Amino acid sequence: MEDGNGGQNLPTKTLDSDLDPNLQKKHQSMLDRLSARHQTRLDSSLTRLDSSLTRRSDLSNSSESTSSFLSRFSDSKRSIESQLAESRQIASSDPARLKSHLDDISSSISELEKLVAENSYFLPSYEVRSSLKTISDLRQNVESLTAELVPKKKFTFKNKATAKKEPPKELEIEKSNSVSTKTSNNFVIRDSPGFRNKANEIFEKKFRGSDIGEFTLSDLDSCEVRLSGCFDALFINRLKNCRIYSGPVTGSVLIEDVEDCIFVLASHQIRIHLAKRSDFYLRVRSRPIIEDSNGVRFAPYCLEYQGIEDELEAAGLGEETGNWANVDDFKWLRAVQSPNWCLLLENERVEKVYVANLETGNEGS
Amino acid sequence: MGLLSIIRKIKRKEKEMRILMVGLDNSGKTTIVMKINGEDTSVISPTLGFNIKTITYQKYTLNIWDVGGQRTIRSYWRNYFEQTDGLVWVVDSSDLRRLDDCKMELDNLLKEERLSGASLLILANKQDIKGALTPTEIAKVLNLEAMDKTRHWKIVGCSAYTGEGLLEGFDWLVQDIASRIYVLD
């Protein structure tokens, strides 16, 4: 210390000697400050050490906080679940409040997620995983509820969105629905021919001459539909518990949102979206595809009526290509078999379906 | 020399155009490409992924990217936006129910900056089907008049089944791109 001062003292020689004690004082205060800093550093590292020691030694304490976390977690989970259960009621009694109610649920889920994150450093990894799983399940519930309850389109059965499994996209789609109804209001689109909004009925239609074009089946519940003769395109939308038998479609068939149905179809292209628990008996020139579907089963075409062979031939569907079994699942882009569909075993298939030759069918509405 | 001008120079030399075909599933994109290329259109499966076709059209080489339209894979469209000279939006004119979907997807696409310079051809496909909307009606539903004024666009009715209208549409598209990118000779 004296040495260090020596260097500094040299120039001070030229200064007045009464400044010297002053300088000494300054020097002393600096030393004091330095040692004070050192002390605080020591102190803080000690406390750090201390706290880490307590943490390590107090394992019992940590398990206790695990259990307290778990009880907090399950409390909030329960309250969120009850809120979720309420929302259905709110949707019917007070739809205006529904939006904010659902938002509240979402924010409590986020809160819960934060809780997990904050406590994750001491939680056993199993608890972290299962908590996160619970949270994502809750999210899924909210999302499907939102999709189910929020879009209030007229004349719509409510189960459309429940089958969808892409939450972020759903929001976009719903937004677009509300926006776009406006555009279609500006411009009234004529209805295409078809059977719509019916329950517990049997429909028949034979396509001839000027009838031939596209045809729509939508919003049918527990109906049977028999279509014969060639036609250009078939659109199927929102069917429940129906049986659809169709002669050859020269263009494509587009199926969306069906549940517990049986389809017997022949077409050049077949696309199946949002189908649940349904059987498809197909003759198809290209590979049929499914998307967002599950529990769907496939078998070869089995429809019979007078003249069907000629009609199939004329539509280019005379030969069995075997493509009914070559299903592409757009939600399962892997080499292993998709869990969403399977082939119908022979003993599970329906017998050949005979539909009487329909000379005069009731016209599509 | 900027990158863009280098690319332009290379393209000018080879007279190449990159064309992106998009639209909802079942609108007939692949069938259109096959038909233009003179291939058999009787067995076409829904596109899982994409197809690229290089065809010589007039004195140009068209690289046509035909990208699948199923909902699951629409989010991948954006991977194909880069350096697109021409955009072909295909509409199934007989699918009245999904016109709203169609409008929404087109609107989203046109917001895309990387496509802002591309000429837009809208093909109102399936005109052969009775009950299909006319191109004029499709234009109204899609509200094409409200489009950004800087965009070069045209709507053409067509049938990939008969081939009608396809050449008219592609002629316009190729000419429009050529007049933007290449010095006409």
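Using N, Cα and C of the backbone, Cβ positions are placed for all residues, glycine too.
Cross-referencing B:Gly69, B:Gly86 against the GTP binding annotation in TrEMBL, which names B:Gly23, B:Leu24, B:Asp25, B:Asn26, B:Ser27, B:Gly28, B:Lys29, B:Thr30, B:Asn125, B:Lys126, B:Gln127, B:Asp128, picks out B:Gly69.
DSSP assigns B:Ser27 (GTP binding site) to coil, not to a helix or a strand.
Each of the binding-site residues B:Thr30, B:Thr47 was scored by the number of other CB atoms within 10 A of its CB, and the lowest score belongs to B:Thr47. In sequence order, the binding-site residues near chain A, meaning those of B:Gly23, B:Asp25, B:Thr30, B:Thr47 whose CB lies under 8 Å from a CB of that chain, are B:Asp25. Under a cutoff of 8 A between CB atoms, and with a sequence separation of 6+ in the same chain, the neighbours of B:Ser27 (GTP binding site) are B:Gly69, B:Val90, B:Val91, B:Asp92, B:Asp95, B:Cys102, B:Asn125. Look at the binding-site residues B:Asp25, B:Asp128 and count other Cβ atoms within 10 Å of each Cβ; B:Asp128 has the fewest. A separation of roughly 11 Å, to the nearest angstrom, links the Cα atoms of B:Thr30 (Mg(2+) binding site) and B:Gly23 (GTP binding site).
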